[in-house]
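Record features (TrEMBL):
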- 1-21: signal peptide (SIGNAL)
- 73-382: domain 'Aminoacyl-transfer RNA synthetases class-II family profile' (DOMAIN)
- E144, I145, T146, R174, Q188, D192: L-histidine binding site (BINDING)
Amino acid sequence: MAAWSSPPSLRHLLMLRPCLPLSPTCLAGSLRRHIHSRCRLFSSAASSSTLTHGDIASTHGDADGVVEVNPPRGTRDFPPEDMRLRTWLFDQFREVSRLMAFEEVDFPVLESEALFIRKAGEEITQQLYNFEDKGGRRVVLRPEITPSLARLVIKQGKSVSLPLKWFTIGQCWRYERMTRGRRREHYQWNMDIFGVPKVRAEAELLHAIVLLFQRLGITSSDVGIRVSSRKVLQAVLNMYSIPDHLFTQVCVIVDKLGKMTREEIEKELVSTGLSSEAVQGIIDVLSIKSLSKLEEVLGSDVEAVADLKKLFSFAEQYGYADWICFDASVAFDREGKLRAICGGGRYDRLLSTFGSEDIPACGFGFGDAVIVELLKEKGLLPDMSRQIDDIVFPLDEELEGPASSIASSLRKKGRSVELVEDKRLKWVFKHAERINASRLILVGNSEWERGMVRVKVLSTREEFEVKTSELE
């Protein structure tokens, strides 16, 4: 892959786990924490997103004074300039999804509490915005999208043919301790594939992520994608004849790499009954950063190695090989300096968590916050100034009707038009500059009597008369 960029350039890391043979209990643990910990894209940026207001606690305000004007703690308002940025980013998500031939779906923000307890256990209720509705039903503001996706796939059943390639852009809510870059709500772009058991699914999803970065002007010098597989860990456990029932427990422990010291991890692994030799073998394999080295240790006939080699071969063919590298540690920033942008991986056993028949599945979630920080730091944010096509201004009160007719005609032709009245002409010119209007259309008595209007092109200061019937 491409060499690391030198300071002060930033390097952002995505860690993907292709081919995750996850059990329902493993799904419920820290492995699928955040966007199911399917993988993570990290940013070394420390500042908060340009889309967020401050970390301000909300109160009811003075009963006799002005109401509290700040949104609830951990949430955001989107005034026009921020809304334009959000819309632009979502348009990028949708365009990449269209290029990848995915169909858009959506789900209610309000879901059954049982849906998330089934997936993550009772402890998840401490992180939910949950309550009892007026019908006595326990409901939540969804903390993530995948359970809703699973519910819809199960509901659709055999009425849809596989594979399913779906995407959504939805808001998620999680009541947890506020930290830098983590709010209590965020928007997330999810792309998921159901019905493709091979690494072609991971290869396609990686291509979508890279396509987005390329469209945004981000390069492989800015972003790196770390790829691994839970099958690597399974292969190591098999080497040391460790029982299958310990796999989930070991998963949970090794997921703490980067948050605990090596000695603490080793101590926890030993407490499960693993031998010192097995513990050392697990830690050593998870330290491997080379696919060729992994093949030396595990052998070429191991499924994890074969899958990873196939995925890297696809990466060459797609043309994004320089974006990815192998990292057996799965998904962790050892120094703790990086923050999640994106996560993804395979969850073949997801549907059985909800009582249905499993279907091979793979997907990712991509948040709206840190990517904006990265774009801002790289100077890649587009101009989000307001822009409209025309301002129509009647010079006399009796011309308000004709001005309305002109505005209506232009809008029907697809132009954005602001109709301004009761202002001085000097104010109108300044307003046109503020909102980056392309033209100013003046409706005056002498021109209107001749079936004309006066058009001023604001970028060139060119001014001319046009017949109303020919105004485009």
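Every residue gets a Cβ built from N, Cα and C, even glycine.
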Site extent for L-histidine (largest Cα pair distance over E144, I145, T146, R174, Q188, D192, Å): 22
For the domain 'Aminoacyl-transfer RNA synthetases class-II family profile' (73-382), the mean pLDDT of the predicted model: 89
Most Cβ neighbours inside 10 Å, all chains, among the binding-site residues E144, D192: D192
Number of other Cβ atoms within 10 Å of the Cβ of I145 (L-histidine binding site) across all protein chains: 25
Other CB atoms within 10 A, centred on R174 (L-histidine binding site): 20
